[in-house]
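Input: a single structure, listed below in structure tokens.
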Amino acid sequence: ANNNKALLPTAVNRASKVIYITYLIAALDITWLFLQFSITPYLARRLGFDTIWFGYLQTTVGVIQLLGGPIYGRFADVFGARAALSVSCLASVVYFLLLTVADNTFMLFVHKLPAVFMHGLPGAQMVVADLSENEKRADALGKLGLCFGIGMIAGSSLGGTLSTRFGEKFAASFAAVGSFVSLLLVLNFIPKQTKIQTMPESNKKGSSNSVFNVGEITRLMKFPGVAKTFTVKIISGLPAGIFQVMFSIIAMNFFQLKAEQNGYLMAYFGIVQMVIQGAVIGRLTSRFSEYSLLLLSVGISSLVGLAQAMMTNVFHFCLIVIPMMFSLSVFNVITDSMLTKSVSPSETGTMLGLCASVQSLLRTVGPTFGGFLYETYGVPSFGYIQCVINAAVFSLLLATGGRSQPHRP
């Protein structure tokens, strides 16, 4: 017994080290992602894309990642988080190499294909969820948002600067090299298996261990509270998802920003998110219930929508960013935490893959619907829709109460 007590701190320290390395990998992955966000809209415009066609391009990415998300999560549960993260980093290398040769419309679409395997942030969430204690999971997942902010700042600044001074091809090549560095970090520092329970409980009942077992993926939706939380995640997140997908177009056309200025604005987003994720969310989760924080995030999101509908310039938007990033950060962390607590430790990867597919679903319907709204009704329409939908979700959550609490089978 004494030996076990002596080994426990060592195991905790080892887990903490892996989590910190995972934070670094996540920050790098987001850096390369936002570097791409800083150059693709301008490359697309140079190739003759209008708002509608850019929406089709974004929809293509959403569909690809929508299909890949649940399978990626299941892959992580079966083969381990290191294998899943390695596949994601390798896909990123191919993705950016294809971007360097994308000099026509066809190649711009083709370079999006490797995105089916690009789920670096969900992969990092899987490692953190596996190695963090249940009561500290929301805080640990929230720290990944801090990495998101760092990556947003670094990627946006790098993307705008590199593409302006050296061209889009150089910026894409830089991201390809960076993704390869991320791959080396994964192979050298992430253990092959991060789960406490290496054998899924479902396998004990004779279920298939196949990555493509749709039944094993959809079965999780039947657990108590999961369907309700997923519905809220989709409906409440839809308006904000549409605005995020269309923001690069809004920045160019509505705010009249150049690539470098857009990079600075995205860096500002990152700073705000870093403060919220690093200094605010952990304290909130230790003092308030997850259901209360879910209500708070949805309510603030409704008010943010109203403010977006009335903004007229980039200064107004910079003021709105603070409550907007707060509501988005709290909403995403809390819903992910609630959903992973609803399933066994051996199935958190599949659940986080489904969570990632929600974001992909928003990116699938968002660009086409957002392009229509932008061309027909203008930027204020995004805010009004967000206000109305989130007000309705807030009212329903308030009426139903917190009866559907997360339950671990």
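Note: Cβ is positioned from N, Cα and C throughout, glycine not excepted.
Across the domain 'Major facilitator superfamily (MFS) profile' (15-403), the model assigns an average pLDDT of 81. If you look up TrEMBL, you'll see 15-403 marked as domain 'Major facilitator superfamily (MFS) profile'.
As annotated by TrEMBL, transmembrane segment applies to 20-39 (among others).
The transmembrane segment annotation in TrEMBL covers 51-72 (among others).
Residues or ranges marked as transmembrane segment by TrEMBL: 84-102 (among others).
Residues or ranges marked as transmembrane segment by TrEMBL: 140-158 (among others). Among residues of the same chain six or more beyond the transmembrane segment (140-158), those with a C-beta under 8 A of the stretch's C-beta atoms are 19, 23-24, 26-38, 121, 124-125, 128-129, 132, 171, 174, 262-267, 269-278, 281-282, 285, 329, 332-333, 336-337.
Residues annotated as transmembrane segment in TrEMBL: 170-190 (among others).
Annotated transmembrane segment per TrEMBL: 230-252 (among others), in sequence order.
Proximity of distant same-chain residues to the transmembrane segment (264-284), defined by a Cβ-Cβ separation under 8 Å and at least 6 residues beyond the stretch ends, is recorded for 34, 37-38, 138-139, 142-146, 148-157, 160, 251, 257, 293, 314, 318, 321-322, 325-326, 329-330, 333. Sequence annotations record features per position, and here TrEMBL assigns transmembrane segment to 264-284 (among others).
What TrEMBL records for 291-308 (among others) is transmembrane segment.
Positions annotated as transmembrane segment by TrEMBL: 314-334 (among others).
The transmembrane segment annotation in TrEMBL covers 382-400 (among others).
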How about long-range neighbours of the transmembrane segment (314-334): same chain, 6 or more residues beyond its ends, C-beta under 8 Å?
138, 141-142, 145, 233, 236-237, 240, 255, 257, 265, 268-269, 272-273, 276-277, 280-281, 284-285, 290, 293-294, 296-298, 300-301, 303-304, 307-308
